[in-house]
Amino acid sequence: MKMKLLQVHFVLLVSSSFLLGYTGMVTAAILSRPQVVFVEDTCRENEIFSQCQASPNCEKSCDNIDIWESVPCIQTKSCVSGCICEDGYVRDKNQGVCILENSCPRVRH
């Protein structure tokens with residue numbers, strides 16, 4: 001297995017000679033089949049890396065903070081790896097970042 005050091009946020013390993021990605025430093029193995037590889041050091045401020053998290057649709061956010069604990073989430077996958085908000089933080093989907101729960105913009109009705 002050949003190893004390469006890449007400056008990417010994620011690596012889409014399509015073949016041994018074709019890679020796609022964004023910012024962040026990772027070590028990627030060139031594998032024989034396509035797959036997406038996320039690594040811990042690509043997480044942003046107030047995020048932590050999780051090898052196995054619920055579907056991203058189930059992440060606590062400013063949009064669902066009031067009903068998050070009372071309404072079950074329908075997961076699209078049983079387990080995915082990636083960055084999640086640290087405890088006490090929720091995803092602000094407008095900006096895509098994790099902010100303190102009490103910093104969520106208030107919705108006016």
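The backbone N, Cα and C atoms fix where each Cβ goes, and this holds for glycine too.
Annotated disulfide bond per Swiss-Prot: Cys43-Cys83, Cys52-Cys79, Cys58-Cys73, Cys62-Cys104, Cys85-Cys98, in sequence order. The domain 'TIL' annotation in Swiss-Prot covers 43-104. Under the heading signal peptide, Swiss-Prot lists 1-28.
Across all of the domain 'TIL' (43-104), the predicted model scores a mean pLDDT of 83.
Sequence-distant neighbours of Cys52 (disulfide bond): residues of the same chain at least 6 apart with a C-beta under 8 Å from its C-beta are Cys79, Val80, Ser81.
Between the listed disulfide-bonded residues, namely Cys73, Cys83, the fewest other CB atoms within 10 angstroms of a CB are found at Cys73. Comparing the disulfide-bonded residues Cys43, Cys98, Cys104 by how many other C-beta atoms lie within 10 angstroms of each C-beta, the top residue is Cys98. Looking at Cys104 (disulfide bond) and Cys83 (disulfide bond), their Cα atoms lie 19 Å from each other. The domain 'TIL' (43-104): residue composition by secondary structure is 6 helix, 22 strand, 34 coil, according to DSSP. Annotation: Cys62 carries the greatest number of neighbouring Cβ atoms among the disulfide-bonded residues Cys62, Cys79 [cut-off 10 Å, Cβ to Cβ]. Cβ neighbour counts within 10 Å, taken over all protein chains shown, single out Cys85 as the most crowded of the disulfide-bonded residues Cys58, Cys85. The CA atom of Cys58 (disulfide bond) is located 13 Å away from the CA atom of Cys83 (disulfide bond).
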